[in-house]
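See structure below.
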Amino acid sequence: MDEHKAHSRRMMEALQWVAPGSPLREGIDNVLRANTGGLIVLGFDESMKALVDGGFYIDTVFTPSYLYELAKMDGAIILNREGTKIIYANAHLNPDASLVSTETGMRHRTAERVAKQTGALVIAISQRRNVITLYQGNFRYAVKGIEVILTKANQAINTLEKYKIVHDQAMANLAALEFEELVTINDLLQVLNRVAMVLRVKNELLIYLSELGTEGRLIQLQMNELLSDIEEEALHVLRDYSPEGALKPYEQLGKLQNLVHQEFLEEHVLLRLLGYQTTTHSEEIVHPRGYRVLMRIPRLPIMIIENVVDHFGTFPAIYKASVAELDDVEGVGEARARKIIEGIRQVREQTFADRHL
Ligand SMILES: Nc1ncnc2c1ncn2[C@@H]1O[C@H](COP(=O)(O)OP(=O)(O)OP(=O)(O)O)[C@@H](O)[C@H]1O
């Protein structure tokens, strides 16, 4: 797994612990309100045991109100890794003082060092500043207020809405080029680049959603609605254009999502993802198989679409086929052959109308 992906996954996992709606967050919110400050550690393994000095061994079920009561005492509260039990309270932690810390206060310094030394998730609740900071390994994250994240998440949704308009137009243009047999590799790369932009926003939103917890439900619904169309259509484009032997469309899309943290996706990377030789010229003409056009014909079962695509190989051949030729396809009789020809004609008409919107 590449480093960037591992980092964002770790970050999302860490954020989920303290997302609104989680029991730990409920406890932390109580601590924030009581203004006592707190130091919470998740995980009590050998490396952690070695750092604990004094305190009370409690070993009881975790509840938010118990956490709040225990936070009135000095020192750290240590939970099990699952966050279901409180193991220690009032514990003094002695991490290696030679570990570098950028923090100034002792609570936060200790939290950072313990996280670096043990790899455990450590949460510091500041008494003076009323903020929650997460530490794990070398990762540090200041949890923001819900309003701040909601604003950012809404901005991301607005961006997605704009991208969707551009995407729909680009798809209409691609369809028109397909009828004219003018699609080039370059057009495909543009489509992929647009999808990459959308996936970039999706990745950003996924982090906000882990942080928003139950407060993010509406954003999640909006995101799913905007993305499902775009992602589905991207899958159809990949199905239409990837050469034999390429990865499956959903695998290609998954790979693209992992790649999008790079600001600029190089042409050869995208070509390889599509399953083309990296030496393919970007002006080369390519033909779709015809899935997307055939799928727009009402009441044409997917099995028949598969048969037609397999039989003809490319969309131009389907487009030019006569009733008799279509009749040769398994599952297609004369009536259905006429329906397909009429269907393609209507899709064509609609496509050219959409193109000039
Ligand atoms: N090594 C430690 N182990 C456990 N708890 C500690 C340790 N060091 C400090 N603390 C806790 O942190 C509390 C506050 O310390 P300090 O004010 O120096 O930290 P801070 O990082 O400035 O935090 P805050 O923003 O809450 O003031 C202490 O009273 C103690 O409860």
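Glycine residues also receive a Cβ, built from the backbone N, Cα and C atoms like all the rest.
Taking H, G and I as helix, E and B as strand and the rest as coil, DSSP gives the domain 'DAC' (8-148) the counts 49 helix, 41 strand, 51 coil. The annotation domain 'DAC' is assigned in TrEMBL to 8-148.
If you look up TrEMBL, you'll see Gly75, Leu93, Met106, Arg107, His108, Arg109, Thr110 marked as ATP binding site. Listed in sequence order, Leu39, Val41, Leu51, Val52, Asp53, Gly75, Ala76, Thr110, Val114 are the same-chain residues at least 6 apart in sequence whose CB falls under 8 Å from the CB of Leu93 (ATP binding site).
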Taking residues Gly75, Leu93, Met106, Arg107, His108, Arg109, Thr110, which bind ATP in the record, the widest Cα spacing (Å, whole number): 13
Packing count at Arg109 (ATP binding site) (other Cβ atoms within 10 Å of its Cβ): 17
